[in-house]
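Undergrad: Quick paste from TrEMBL:
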- A:12-32: transmembrane segment (TRANSMEM)
- A:63-80: transmembrane segment (TRANSMEM)
- A:115-138: transmembrane segment (TRANSMEM)
- A:145-164: transmembrane segment (TRANSMEM)
- A:193-210: transmembrane segment (TRANSMEM)
- A:245-267: transmembrane segment (TRANSMEM)
- A:279-306: transmembrane segment (TRANSMEM)
- A:318-337: transmembrane segment (TRANSMEM)
Amino acid sequence: MNLKALLTGRWAVVGGFALAAVLLLVVAPALLSSFRLGLLGKYLCYAMVAVGIGLAWGRGGMLVLGQGVFFGLGAYIMAMHLKLADAPASTGVPDFMALISSDGVPVWWEPFRSGVVTVLAVVLVPSAVAVLLGLATFRRRVRGAYFAILSQALAAAFAILLVGNPRSTGGSTGLNNFKGFFGFSLRDPANRLMLYVIAVVALLAMVAVARQMMVSRYGELLVACRDAEERVRFLGYDPAVIKTVAYAVAAAMAGVAGALFVPIVGIVSPNDVGIVPSIGLLIGVAIGGRTTLLGPVLGAIAVAWAETSLSERFPSGWTYAQGLVFMLVVAFLPGGLASLRRRPPGAAQPSPVPTLSGSSR
Amino acid sequence: MEILLSQLFNGLSGGSILLLAALGLALTFGQMGVINMAHGEFIMAGAYTAYVVQGVLGDAGLSLLVSLPAAFVVGGLLGLALEALLLRRMYHRPLDTLLVTFGVSLVLQQLARDVFGTAGVDVAAPGWLSGPVEVLGFAFPKTRLFILAIAVAAVVVLSVLLAFTPLGRRIRATVQNRALAETSGISTRRTDRTTFFVGSGLAGVAGVALTLMGSISANLGTAYIVDAFLVVVVGGIGQIKGAVIAAFVLGVAQSWIEYSTTASIAKVVVLALIVVFLQVRPQGIFVVRTRSLA
């Protein structure tokens, strides 16, 4: 697959999507066991987050270190709905809450009894938080490192908040042991296959959305904001709005990913949302090539796959590998693996990664 | 009133720890724009230095006095190595330094786990620091007063260094205008290296101070790094006084909000307050005026 042709030719795009759909929807279920397919579904969730990171970080130059928050918001909203739906009809109180206390369900859980509200909230709550934080920071021209640190602090605070309220969020164990998904039993392999298919469709849809945003005029503006924000401002655009849109879209993608992660994996805990997982999400994007469309997706899937297969056998080795990859890829191959292939020998190419040109200090 | 005062002291004590953790960061971030996530692991390295020194020397009082300079050197050398091997080639893309140093911090943490084990280890506090001291009718733990004293000493030494020594002049010149400093004959390369050594050394000292607070483990630094960065963000770049004010304000705010709510809610409230504060002063409390546009 030539990435450039994929990004330019209309038929190449359609063909690429069709090929990916066939691979993921027909070939993978035929070849993989139900267990492996579940794992692949989990990787696809990370890939969804990566699509958003590619947009916000690669194209928009915003180093988003807190995507775990949006992932977690989507995941916990979905988990609350599933827990409430599983709860015995007589009391309406989820099992873990009934064990800890007799106070009943917190008020802010109640809206998520409704499936419609849940599905809407999975998309809207993360984007609303992102719009709020985005406008608050970008409008005052807080950016670069300051924005990165704030988004990181948000992830830390969110994880601490979850751990600190075990009665309503399950504390450090998180929420788990889900039995059904909108009326379908999660025990049934056919329903698990359905969840996988939903994840594939969601991922393909997100890639399509991201591609459309990248090739549109908006995408040009976003890249312009990354490379020379002041010039965009002088031309009469508002960089704050442009950047906030990308940030909110990335947040919504992470929220949907989290919501699908919960029924596919069966657990969500503060370990999935804090600083380390949030930055961990960036590693696949960095390896794949942050400014490309498919690099983040493939990178995220590869890293997630490597983590499962390596961390079982060499638990400490995986941490070393992760750290070394961060150091080596970001320092010496900032364009990711995609930059290796796209550069013909001798041809001058624009830098695949923005350098400091008035936008980061 | 009594509660108010004791919370104030708790806040000052928490602030002094924050300040020790953030002082080095304020220096390196201010001068080079480098976001050193491994700073937290330099703190951890300092703490483990104190543990090793105590293992060798035995006597708690002597080992504390020895480990303070030893940890400074250990932290400084780690910083020097990081600067020379990785960061040197990345000054034109400061955001990426965050990810590179995050990788470094993962490796250092795992290294500490493999060397010292996953369980926490304890460093015994010397006898002359045990027990409380009475101030205005309140009992304050001596260890916390000692940490406050270390923080004050570090600020004083650093301020004198920056204000009156040739090195300090070079650092200030580089912070204010790197290009002009270079044309004036200052080796910004060497200044950067020295700054990184001093800043990372301060992390080591912070680590020794933290051994007085409780047992230490490989993820000691992760607990402080985000708060330390917030101190730098609120304090503003390139000024020590900004970091000092920010650290104590955040420490006191955290402790007061924590008293009326819970620790986890206090964290979130403080973060929200910081975002609101940045609406008013996006560049932090103090700004070094430059002619640059951004």
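Including glycine, each Cβ sits where the backbone N, Cα and C put it.
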Undergrad: So, taking each listed stretch (A:63-80, A:115-138, A:245-267, A:279-306) in turn and counting its Cβ pairs to the transmembrane segment (A:318-337) that are under 8 angstroms, which one gives the highest count?
TA: A:279-306
Undergrad: Determine which residues of the chain contact the transmembrane segment (A:145-164) at the Cβ level, with the cut-off under 8 Å and only residues 6 or more beyond its ends counted.
TA: 62-66, 68-69, 72, 76, 133, 137-138, 171-172, 174, 270, 273-275, 278-279, 360
Undergrad: The transmembrane segment (A:193-210) and the transmembrane segment (A:245-267): do they have three or more Cβ pairs under 8 Å, with pairs 6 or more apart in sequence?
TA: yes
Undergrad: Quickly jot the same-chain residues contacting the transmembrane segment (A:193-210) by Cβ under 8 Å, restricted to those at least six beyond its ends, or write none.
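TA: 17, 20-21, 24-25, 29, 34, 37-38, 40-41, 44-45, 47-48, 51-52, 54-55, 181, 184, 249, 253, 256-257, 260, 263-264, 293-294, 297.
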Undergrad: Could you give the residue numbers and ranges of same-chain residues that sit at least 6 residues beyond the transmembrane segment (A:115-138) on either side and whose C-beta is under 8 angstroms from one of its C-beta atoms?
TA: 69-70, 73-74, 77-78, 80-81, 85, 146-147, 150-151, 154, 182, 239-240, 243-244, 247-252, 254-256, 258-259
